[in-house]
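In what follows, a structure is listed as structure tokens, so that the remarks can point back to it.
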Amino acid sequence: MRKQRKRLTQGRRRPTRTFGLSRLRGRGTEQPSSSPAAHKLLERRYRAIIDDQVDLIRRFRPDGTLTFVNAAFCSFYQLREEEALGRNFAELLSHDEVEQISEAIFSLTPDNPTVTTAPRYVRHDGHTYWLEYVTHAIFNAQGDVIEYQSIGRDITAQKKAELEVEETRAAVNRAQRMATLAVIGGGIAHEISQPLSSIRILAGSGLYMLDKMNPVPLERIQKNLQDISSQVDRIDQIITHLREFLRTNQTSPAHPCDLNDCVESSLRMVQERIQAEEIHMTKELEAGLPAVYGVRIRFEELILNLLLNAVQELKGRKGAKIRLRTWADRGAHFEIRDNGPGLAPEIQNSIFEPFFTTHEDGNAMGLGLSIVKAVLSTCHGHIEARNASGGGAVFHVVFPESLDKSGKGGMWDPVPQNLGFSKK
Ligand SMILES: Nc1ncnc2c1ncn2[C@@H]1O[C@H](COP(=O)(O)OP(=O)(O)OP(=O)(O)O)[C@@H](O)[C@H]1O
Ligand SMILES: [Mg+2]
């Protein structure tokens, strides 16, 4: 061990951040003699200091072989020192992380000598732990790595807390989507009922032709069967759409989307409610809008939430109206205007906050507008809310033009979905 350390420090010109005798010597007040006894004493002191550390300390060769580990390291990995030394550091990594972490470490250079990694470690008892290692490469005068050393910290508690927040966030998101789904259920049932009644009529007339007509008009029956098949496809599309809507996949691929199509398809989902509430709906959808880049279902979710809010505020009002507008102006714009009660000044600054609601009927979660904001943050869009001059509320959404006209890349960031808990 001592031999190894000596070899590794040879040829080093500038002092580096090492945990070794050389560092201890530099700090000591008494100058050590070079006698073997003094050397042993120093080594014992060094060991004592290193073993008192709560941080995990390890050193390994360029081939990954561990040459030094402290007591905290052994205790974390539940290994004796002699069991750890001589192993490859990668043996203590999860299989799926070996490649990525090894690459991060082995690509260190004299200009970029430090890397932070956060490996996972599953102990024999099946419990998962997380660590954060700062690994520093030590180079010789020729710029070749002679050794790596790392300081690690157990970040399991922090990581678990983060995961819990993430899970809660996902659960709230799912719950909100389920609540929205319950509201749009009527609209979906309506959409499915149309192809279902077509199927019933087509099948009935096919049976009639088979039973009563002579000769049997095979071509007409064949045509009926083809129509039935395409109606089934239509139902399938509706159900697939619904499933996608409920999926909370954060990594859905982004595509250029037609904003007007998104408006139409969101509108179909609340059509039933609009009719039931006798709301007069007007649409001015400008043709040829620039494409909006992102996940179509999420844009529909955004529009749907704004629509549902307007419908909710107009409930029971005589002469209720909603006006939807889209237009192009350095990007695509969407505006929804209603003639409901509008936004009282004291709530205007709070409406986009998660869980803010003025509805106390138990169904509202106060998440609709947070979802709108979260969706907009994925495409760097923004929203403004104001009162209309003649009464009612206006929500104006701006989707910036995609940077990349080909529809690839562009201004899209798939991460949010965080309901605005951390990002505003
Ligand atoms: N068109 C509107 N007119 C007047 N007030 C509105 C309008 N849209 C939203 N608001 C106000 O903003 C609040 C927050 O809206 P948000 O959509 O986030 O939650 P919610 O509609 O109350 O509940 P949820 O969307 O979870 O069912 C509403 O409770 C309401 O007070
Ligand atoms: Mg809402």
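We number each residue from 1, going along the chain as drawn.
Cβ atoms are placed via backbone N, Cα and C, with glycine included.
Whatever TrEMBL says is automated annotation, not expert-curated.
Per TrEMBL, the features are:
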COMPBIAS  1-16  compositional bias 'Basic residues'
DOMAIN    42-112  domain 'PAS'
DOMAIN    115-167  domain 'PAC'
DOMAIN    187-403  domain 'Histidine kinase'
REGION    1-38  region 'Disordered'
REGION    405-424  region 'Disordered'
Residue counts in helix (H, G, I), strand (E, B) and coil for the domain 'PAC' (115-167), per DSSP?
12 helix, 28 strand, 13 coil
Local confidence of the prediction over the domain 'PAC' (115-167), expressed as mean pLDDT:
93
DSSP residue counts for the domain 'PAS' (42-112), split into helix, strand and coil
38 helix, 13 strand, 20 coil
